[in-house]
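Peer 1: This is the structure I want to talk about, given as structure tokens.
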């Protein structure tokens with residue numbers, strides 16, 4: 001049984017009253033396997049796809065390249081509920097050593113150093129790239145990393161040289177501003193704007209205006225504005241303008257979508273995406289998926305990447321496999337994936353070192369017999385009654401010093417400075433990440449903390465970079481949060497709302513019991529097959545007396561600005577709970593961060609489907625020969641009472657869950673403890 005802060009995240013309130021048992025999970029990587037179930041009801045690692053343009057032969061060939069066994073994975077999705085539209089965070093820069101190769105990347109770095117010391121008109125060849133998608137990715141990656149360089153294609157070769165426009169602008173503004181401006185131009189976000197630093201010299205501003213108009217007039221419009229006594233130049237990308245380097249072929253490339261199945265081991269979803277994006281020369285936001293998978297596991301999930309051809313992705317499969325990822329079932333598709341576009345997840349998990357609750361002095365054979373009975377009772381109870389549909393501990397983040405819900409509460413209260421300091425609160429560990437966080441908390445120096453922060457910590461580095469530019473006051477901290485993609489910003493307020501939901505459910509069960517009560521919320525039962533979307537219904541007193549609805553029908557609202565609250569004691573509980581945190585009258589919008597939380601109605605109970613189990617005898621800490629299969633208790637009793645019942649027992653569970661349901665919570669109901 002695991003004892004850590006997770007136990008305080010999820011209330012200890014169960015739906016069944018069986019005894020349960022003790023055990024441990026995730027002792028080995030093969031002990032937890034998660035496989036997405038797509039919208040057609042197939043597991044994504046076995047599903048067959050009809051590609052839009054790629055041949056079936058190509059898909060089968062690519063799928064055969066991965067030789068890995070289907071072993072373990074972590075828990076269910078980090079919630080595909082409440083209509084979140086997830087965008088993956090940018091890593092801050094491309095890894096050119098991956099895109100160009102180590103030797104060419106080092107040669108490029110040396111070329112850049114030479115340019116810095118002594119400007120020259122010399123060129124550097126980056127090599128030949130026959131695939132047009134690869135060429136486009138190289139152009140994009142080099143310009144993003146070195147905005148002062150110009151990339152030129154003399155097919156199939158790509159060369160780089162200093163951009164004279166950059167050199168001229170860097171003599172008018174700071175070098176940091178020149179780099180940021182060229183990245184802004186290259187991003188090509190219609191209607192976006194960039195503001196240079198304060199400039200009270202009107203003649204100098206005129207020179208800058210003339211330069212921008214002369215070199216970028218077809219792309220941007222400029223104006224000077226005064227705010228709090230200081231004047232600066234603001235540049236806005238024209239809505240209808242087209243960058244001069246953007247061709248029809250480049251626009252067509254952006255319409256390419258390639259679907260694939262990703263198997264990853266001991267990697268976070270975002271970590272895997274960041275590496276693949278760097279290798280392919282695209283942005284992490286070009287990847288879409290149906291749900292996030294946790295790190296401590298082996299997971300199978302569907303993904304779609306934009307602007308990468310099937311052939312280009314196939315060329316990278318061997319490289320990905322060396323990094324703990326396997327890409328199969330590569331195919332052309334017509335559109336990106338959306339969060340929540342799955343039926344659920346299939347789990348194959350192993351619980352080791354089984355033993356009854358409490359001390360026991362029974363013989364091994366007696367203990368095994370008792371455990372067989374306990375396991376059978378527990379599994380049958382959960383199959384029949386389900387489990388309380390709590391959000392799992394991973395919903396609240398992995399950092400033990402500060403839970404993500406506290407950061408979310410600060411954001412909902414629009415206290416940007418407190419939210420930043422909570423975000424950077426270090427754990428009591430002496431490692432580079434926590435040392436960098438500790439330095440920021442102690443000194444408030446974003447620049448020095450950025451230098452200390454490892455390159456792999458994308459979110460932290462994005463925020464520190466923004467605060468280095470805008471300061472660490474309220475406005476600077478707001479810019480720090482805005483530097484994160486929407487999906488990362490909204491994660492924290494959702495973590496807070498999820499904790500409130502967990503607490504509300506525990507209170508509802510302890511005060512109103514395990515029946516549907518007057519004032520509870522349920523989906524309206526319609527007799528007509530032509531009815532539109534289901535609507536929320538409030539249980540009446542007569543319906544309670546006639547037991548029209550059961551606890552399995554009850555919905556509990558996750559706080560937001562569109563949800564309906566129960567019309568019984570729980571409605572007042574929600575008001576008091578939010579008021580206690582200073583959120584009475586909260587609109588669940590954070591305008592400065594462009595966050596809107598509509599909320600959702602989540603079923604109070606969830607039920608596993610296709611649940612089966614096996615008891616096995618462990619040998620030297622590993623699973624031994626199979627003792628029983630499925631739910632055959634007679635066979636289990638006969639074998640476990642025999643002389644072979646030596647060593648400890650291992651339980652293997654296989655089941656399906658709806659999306660946004662947590663396997664560890666289901667296991668918690670079975671075992672009556674935190675596994």
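Each residue, glycine too, has its Cβ placed from N, Cα and C.
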Peer 1: Region 'Disordered' per TrEMBL sits at which of 622-641, 642-661?
Peer 2: 622-641
Peer 1: According to TrEMBL, region 'Disordered' applies to one of these ranges: 40-72, 73-105. Which one is it?
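Peer 2: From TrEMBL, the annotated region 'Disordered' range turns out to be 40-72.
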Peer 1: For the domain 'TRUD' (386-607), provide the mean pLDDT of the predicted model.
Peer 2: 90
